[in-house]
């Protein structure tokens with residue numbers, strides 16, 4: 001089934017990127033940007049993108065329900081069924097804060113999950129056209145080429161940690177624990193960029209405090225199928241629909257274990 005779905009899903013994502021997302025990039029009026037919560041933005045492009053993606057995905061696989069970020073913002077009860085049955089998971093624009101500011105990175109993310117297990121994931125960068133995708137048991141690909149995760153080549157492995165949703169004390173503790181073990185950097189506030197960085201040798205570890213399915217379903221599969229390691233902080237597998245905090249990805253199981261020992265032992 002995944003093979004038959006791939007081309008239509010990619011065509012839909014590229015069409016939405018070309019016709020809806022990019023025409024609004026650096027071209028948003030003030031009234032077309034709003035804040036759902038602190039540091040959580042939405043634009044008219046997010047809403048229009050999700051509508052078009054939802055329509056297209058429903059046509060591609062009608063038996064799957066739709067779990068979209070903006071639909072869940074309007075009706076949080078939709079998120080309660082994210083782990084039940086067959087679901088399309090949609091992030092119409094990941095990195096909306098960047099997009100609204102007129103700067104990269106941002107992306108479109110789609111995943112297909114069945115009873116909480118991610119079967120396939122797609123991550124599109126509309127600016128560059130780069131497409132990352134993975135299927136369960138089928139490996140990870142960038143622009144159609146099979147890829148395996150690689151570690152960065154710096155003196156210390158690079159830990160990109162999402163601190164924006166952490167308390168000040170937790171941020172300070174992360175910085176203290178990183179010393180002489182990891183080079184700690186901030187994330188680009190865009191999971192659609194952060195997950196590829198783990199595979200492409202640009203970052204080695206990423207820690208996310210807030211875990212929502214549209215941000216992580218596609219990316220966790222992409223990292224794991226590339227030979228990296230992405231799982232919950234307790235070592236359990238990530239499953240769509242689990243509404244709890246904490247997720248860590250790494251470019252290799254070795255570095256995942258090192259990060260777990262460094263930050264959480």
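In case you wondered, yes, glycine gets a Cβ from its N, Cα and C as well.
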Per TrEMBL, member of 63, 69, 242 binding Mg(2+) 1 alongside 91, 94, 215: 69
Number of Cβ atoms other than its own within 10 Å, given for residue 215 (Mg(2+) 1 binding site): 24
Close in space, distant in sequence - residue 69 (Mg(2+) 1 binding site), Cβ under 8 Å, 6 or more apart: 46, 50, 90, 91, 92, 212, 214
Inter-residue C-alpha distance, residue 93 (Mg(2+) 2 binding site) and residue 215 (Mg(2+) 1 binding site) (nearest angstrom): 10
Neighbour-count leader, CB within 10 A, binding-site residues: 91, 94: 91
Where residue 215 (Mg(2+) 1 binding site) sits in the secondary structure, as DSSP reduces it to three classes: helix
